[in-house]
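A.B. asks: Structure provided below as structure tokens; questions to follow.
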Amino acid sequence: MKHIPWIILAIIGAVALSVTATVRGEQINALWIVVAALCTFLVAYRYYALFIARRVMRLDPARPTPALYRADGLDYVATDRRVLFGHHFAAIAGAGPLVGPVLAAQMGYLPGTLWIIAGVVLAGAVQDFMVLFVSMRRDGRSLGELVRMEMGPVAGTIALVGTFMIMVIILAVLALIVVKALAESPWGMFTVAATVPLAMVMGVYTRWIRPGRIGEVSILGFVGLILAIIFGQNVAASPFWGPVFTFTPVQLCWLLIGYGAIASVLPVWLLLAPRDYLSTFLKIGAIVALAVGIFIMAPPLRMPALTQFVGGGGPVWSGALFPFLFITIACGAVSGFHALISSGTTPKLIASEGDAPFIGYGGMLMEAFVAIMALVGASILDPGIYFAMNSPAAVLGATPESASAAVTAMGFPVSADILVQTAKDVGEHSIISRTGGAPTLAVAMAEIFSHVVGGPAMKAFWYHFAILFEALFILTAVDAGTRAGRFMLQDLIGLAVPSFRAHSSLAPGMIATALCVAAWGFFLYQGVTDPLGGVNTLWPVFGISNQMLAAVALMLSTVVLFRMKRDRFAWVTAVPTVWLLVCTLTAGTLKLVSADPKVGFLAHASIFSEAAARGEVLAPAKSMAEMRAIIFNDRVDAALCAIFLFVVLSLLLFTIRTCIAARRVNAPTAHEITPDMVPAE
Amino acid sequence: MRALLERMREMALLMVGQPSYDAYLRHMAQRHPDRPPMSRVEFFRNREQARYGGGGGRCC
């Protein structure tokens, strides 16, 4: 009897999913996708998550969690599961689930939708939940330590190196998105720049005027943000201030590198903490508003279900559906970075093992829902506008007429007037080749929000609100990520030079910060100066690295299941591991050795180096020095892919070895930490 | 309604790394009645440093 509501839900989901998947040639409503996703997620949570909890992990609600046996009122606090859900979701959801699906829309809405729904249920949510479980049973330790405990010190160090490199790529790609969104946009630039002094005022307020009053100071900051958006329109229109806040991508790149270097060594209360309040609350608010807006507006999907780019050759990113769709949408379907959160603060706050499915599996389902909304956002736009915004300038040319001709030739007719008018509606000079996903999503959000509040006159405000919301939390991530990267680097160098580890001393900290900023700054600069727009090159590298980290987390989970003698159920983690390995190893190898210069880094490098040997300069390079830069960048990217391949393949060997060893023993060998092993605090 | 609002306040604070001060006081009273607990402001600063000092855990 108790299954009947779930059966009804499953039927509704199946109907919605088949409508989404089978209707061709006519527009369907976005709510079909949303309903299909919601029903699938609820049913998956009710049955698959509970199956994993009860049968695979054998969670024991009576067993004390670290929050209980280590309780200190600070790091280890037994927390209400709903409160903890909010904390966990706010920590995992960022720009990733918003950008990836927007980029993936170049193949139509269907491939992305199906991958997000299937990926999260079978891989992403399983990964988050498993890592949370593994960490929760081991004192809330971090992913690197867990790998070391279960797979040995060498595997642990390899995992740490991989994690640091992923961090660098993430920071570079996030910063690139900000550059793409703010370049040549004085309105956007002013509002984002205004958040720096605004956050500092908030910091001073929480430090000296009313210490600890986060609610008050956030309201103050929010009012300041809205004023900055409204005032930004006047700044952009002013003949003096407009040009002052207009920057080229290269200028913005250097500004961001400088910002990252300075912001990450300032005291945390001055800039990072207050900016984090704003970005966190704005993020949650905007996500909720987007969900409400989509339900009220119920827009039709104007993007076709499938485009001709399924087979490859798309302008937004290169490569065919397999394997590149599965690395383009990383966050939202499965994201390795979550393994760091699930083995971070969350396992130290969980009050009962019984809460783990809700937090671990449920939290990731929620993020997948955000990804679905982003995909819907990109798909409700006129496909002509979508491709005009997301194709590189090299394809579109510089004028609305050339862009309109190029996009129409792709099969998505759009007039130059519409491109000009859309830019005008959102208060920008141009929307042509505004790659990176954020501007596209902002146009979509402006469409949805202005439908609910304010009408067309409010579009420009909502567009800049959406840009601000994305830029704000990306800048917070750049700042926080640089700090985190610095500590990772200090720990890694500390393996060779122990004195480098001292977190409090000045010189190692400064050196590590400089190295970290230089590392992501290098890739950012490379992306900004890339003639294909950078996102084209960097996003796949980011996707590959993030999915490889997911594969590592799932391999660790598989090892733990074997060592617990639960190998009967190891398929739960082994199947998604194999799928991620197939996708990332194929994608990584293609990026390395594909003969197609649009896909393979080395093929691209050899075309340019052969031309350079002949003394020719190939477009887009304008000089021999630029030719050499392109060749060098290609080789660095290729080396990076090779290192990622090495990391994941070596960890695969460790995994197989550990699983075989575990099978030879008759008793469980997992290194769980039980309460009696820890002295009471 | 009051309970719901209180829970949402707690959730918002924990999202930015501030656990419940009342829970901390309860813990100190129960387990360490001999030690004076941190004041509300000290607690706030302690948690601020803990969240952001190491870079803070959040995702892309």
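Backbone N, Cα and C atoms are what each Cβ position is placed from, and that goes for glycine too.
Sharing the record's features from TrEMBL:
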type	residues	note
DOMAIN	A:29-587	domain 'CstA N-terminal'
TRANSMEM	A:31-48	transmembrane segment
TRANSMEM	A:89-109	transmembrane segment
TRANSMEM	A:115-134	transmembrane segment
TRANSMEM	A:154-179	transmembrane segment
TRANSMEM	A:185-205	transmembrane segment
TRANSMEM	A:217-237	transmembrane segment
TRANSMEM	A:249-272	transmembrane segment
TRANSMEM	A:284-301	transmembrane segment
TRANSMEM	A:321-341	transmembrane segment
TRANSMEM	A:361-381	transmembrane segment
TRANSMEM	A:461-481	transmembrane segment
TRANSMEM	A:569-590	transmembrane segment
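Describe the structural surroundings of these features, if you would.
C.D. replies: The average pLDDT computed over the domain 'CstA N-terminal' (A:29-587) stands at 95.
Residues 178, 213, 216-218, 220-221, 224-225, 228-229, 231-233, 235-236, 241-247, 252, 269-271, 273-275, 277-278, 427-429, 460, 464, 467-468, 471-472, 475 of the same chain sit 6 or more residues outside the transmembrane segment (A:185-205) yet have a Cβ under 8 Å from a Cβ within it.
Within the chain carrying the transmembrane segment (A:321-341), a Cβ under 8 angstroms from the stretch's Cβ atoms is held by residues 88, 91-92, 94, 96-97, 100-101, 103-104, 107, 111-112, 115-116, 118-120, 123-124, 127-128, 131, 142-143, 163, 166, 170, 310-312, 364, 367-368, 370-372, 374, 539-540, 542-553, 576, 580, 582-584, 586-587, 590, all 6 or more beyond its ends.
Listed as Cβ neighbours of the transmembrane segment (A:361-381) (distance under 8 Å, sequence separation of 6 or more from its ends, same chain) are residues 30, 33-34, 37-38, 41, 44-45, 48-49, 52, 85, 88-89, 92-93, 97-102, 104-105, 109, 112-113, 116-117, 119-121, 124-129, 287, 290-291, 294, 299-303, 329, 331-333, 335, 338, 440-441, 443-445, 447-448.
Within its own chain, the transmembrane segment (A:461-481) has Cβ neighbours under 8 Å at 94-95, 98, 167, 170-171, 174-175, 177-178, 181-182, 185, 187-188, 191-192, 195, 225, 228-230, 232-233, 256, 259-260, 263-264, 271-272, 275-276, 278-280, 282-283, 286, 426-428, 438-439, 441-443, 445-446, 449-450, 454, counting only residues six or more beyond its boundaries.
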A.B. asks: Do at least three CB pairs under 8 A connect the transmembrane segment (A:154-179) and the transmembrane segment (A:31-48), leaving out pairs fewer than 6 apart in sequence?
C.D. replies: no
